[in-house]
């Protein structure tokens with residue numbers, strides 16, 4: 001872990017070569033509601049050892065998630081498949097950019113083994129973008145889902161997928177056909193900020209991906225999230241909510257953007273807890289089954305508990 005931190009701090013240009021030419025953005029001091037304790041618990045160490053033992057990557061580490069100490073201490077980790085190197089270079093993201101290695105055919109089995117070792121009731125599996133692959137890694141996702149089902153049949157599975165922008169429709173169909181319990185794809189920000197924040201993606205393509213997943217399997221829960229503090233305004237966030245609901249998204253997450261390095265997109269401002277509470281109220285008013293909107297909310301934060309509440313919310317709505 002220490003070696004990894006040293007790598008990230010000493011040679012950021014190797015991790016993010018596409019950002020090396022950018023001027024440094026001043027990182028504002030974090031308010032009290034953002035600060036978290038350093039991970040030190042035995043549970044954290046046990047989770048780390050299992051992940052290391054299976055030679056797996058986690059988005060918790062690669063993206064520099066502020067909740068890693070809390071989640072890992074409880075034995076929760078978000079598996080990141082298909083390597084640690086992404087083919088995109090989004091200005092908000094701390095995952096390394098470059099040329100990925102070939103897929104590891106044994107990775108799905110190792111993920112399933114780790115899920116079993118950790119005793120997870122709910123697992124989140126995500127990935128880097130793999131624009132170098134014809135199917136964007138869809139079959140690898142499907143293999144991972146099937147491996148977890150075989151090894152840990154009682155575990156519910158959530159996938160947080162890339163946009164499959166350069167693939168045919170069969171990529172999405174492959175993932176949905178593997179029957180994950182939750183299909184998650186993040187819109188990340190308001191459409192007006194895409195050219196700067198998410199230049200390799202297309203807002204309405206991502207929105208349609210979520211809509212089509214629900215069309216392919218109406219029983220699947222769909223989920224999406226955005227960050228705030230990137231330069232958006234409240235009306236833009238409310239419009240994204242409306243767009244998601246038009247695509248029948250069930251679960252919305254909203255969290256504060258935190259700038260990984262001075263070369264990344266600047267933090268425009270820190271959104272207050274009161275504003276997050278306002279977003280949560282507005283989202284429930286628009287019909288979302290489940291909403292998580294706090295400064296430290298991330299896609300997989302408390303995902304297991306939230307899935308149970310999501311399932312209950314659907315049952316109540318169907319029974320109403």
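Positions of Cβ are set from backbone N, Cα and C atoms, glycine also.
Copied from Swiss-Prot, the annotated features are:
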type	residues	note
BINDING	60, 65, 71, 300	[4Fe-4S] cluster 1 binding site
BINDING	86, 90, 93	[4Fe-4S] cluster 2 binding site
COMPBIAS	1-24	compositional bias 'Basic and acidic residues'
DOMAIN	72-289	domain 'Radical SAM core'
REGION	1-30	region 'Disordered'
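Taking the features listed in Swiss-Prot, we show where each one sits on the structure.
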{"residue": "86", "record": "[4Fe-4S] cluster 2 binding site", "CB count, 10 Å": "23"}
{"residue": "90", "record": "[4Fe-4S] cluster 2 binding site", "CB count, 10 Å": "22"}
{"residue": "93", "record": "[4Fe-4S] cluster 2 binding site", "CB count, 10 Å": "23"}
{"residue": "300", "record": "[4Fe-4S] cluster 1 binding site", "CB count, 10 Å": "28"}
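Listed in chain order, the extra residues whose Cβ falls within 8 Å of the Cβ center of the [4Fe-4S] cluster 2 site residues 86, 90, 93 are 88, 89, 92, 94, 95, 97, 128, 129. In this structure the alpha carbons, written CA, of residue 93 ([4Fe-4S] cluster 2 binding site) and residue 300 ([4Fe-4S] cluster 1 binding site) are 16 Å apart.
Cα separation, residue 86 ([4Fe-4S] cluster 2 binding site) to residue 300 ([4Fe-4S] cluster 1 binding site), rounded: 19 Å.
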